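Engineer: Residues or ranges marked as compositional bias 'Basic and acidic residues' in TrEMBL: 1-11. Per TrEMBL, domain 'Late embryogenesis abundant protein LEA-2 subgroup' is recorded for 155-258. Taken from TrEMBL, the feature region 'Disordered' applies to 1-57. Sequence annotations record features per position, and here TrEMBL assigns transmembrane segment to 100-123.
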Amino acid sequence: MADRVHPRDDSPPQTTEFKPPPAAAPLQEEHDQAHKYPQSPTKPDAPQSEKPVSTPRGTYVIQIPKDQVYRVPPPDNAKRYERLSRRKPSRSPCCCCLCWLLALLTALFFLIGVAAAVFYFVFRPESPDYSVERLSISGFNLTSSRWVSPEFDVTVRANNPNDKIGIYYKKGSSVDVYYDSVKLATGSLPSFYQGTNNVTVFVTPLKGSAVELTSRDRTAMIGEASKGRVPFKLALRAPVKIKVGPVETWEITVKVDCDITVDNLTAAAEIRSKKCDYGVDLW
């Protein structure tokens, strides 16, 4: 094996006329390294194609490891995240108006309920009671003519059972008597004030003029009178004002509807049966 001879370090430097540029020094070092440490031959790089390789288009799914998912915003977005998290959600004006309206209605109904409860427990209101005590009849001639002019004297009993509530009966009332669907006579109640714990009995005259009865109605009424059971309907409407202490309410309408059966069509008629329904119209 032949020995490799290296030049001595103390040999005088050789001068040459040609000085390589500084950029060639790395190439020289690589060449020296190649002589000192020989390496296995490497494969030459494959020639690059002149045309660039096109990347296929499509949808890609990128999976990020769980430990790399941010649990808190990055430092550069921390201030923005804090500002957005503190921002209150904005409400539209319509939503605010609706909320105020619902709150106002709730408070109003609550106050009305409280006032009604206080009124009930303080005054203990009770409904008035109405009944027909007597019905006197005249003016019926069912055999000679189909036209009749009946007259009724109706005795009405009104009871006010309240201890602290009075009733004013105003003008504009009406009392009507019907046979089936035919109005026979009409009248009105007197105007008066009914005090507390008071029972008032008054007679109301009712008159009818030239009331036409069909032959069927006349025949039916004659047959019912012979049997002693002639049915009538009485409808009473009276505008009243309720007086509670020094305060008077608005006008309300008292409604009384009675089904009355009498034994005959004379002044001495007696009531065989009666049934009255009572109600009010507040407005």
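One is the number of the first residue shown, and numbering goes on along the chain from there.
Heads up, the Cβ atoms here are built off N, Cα and C, so glycines get one too.
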Engineer: Kindly state the mean pLDDT of the domain 'Late embryogenesis abundant protein LEA-2 subgroup' (155-258) in the predicted structure.
Structural biologist: 93
Engineer: At a C-beta cut-off of under 8 Å, are there same-chain residues at least 6 beyond the transmembrane segment (100-123) that contact it? List them, or none.
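Structural biologist: Sequence-distant neighbours of the transmembrane segment (100-123): 162-165, 244.
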Engineer: List the helix, strand and coil residue totals of the domain 'Late embryogenesis abundant protein LEA-2 subgroup' (155-258) as derived from DSSP.
Structural biologist: 13 helix, 62 strand, 29 coil
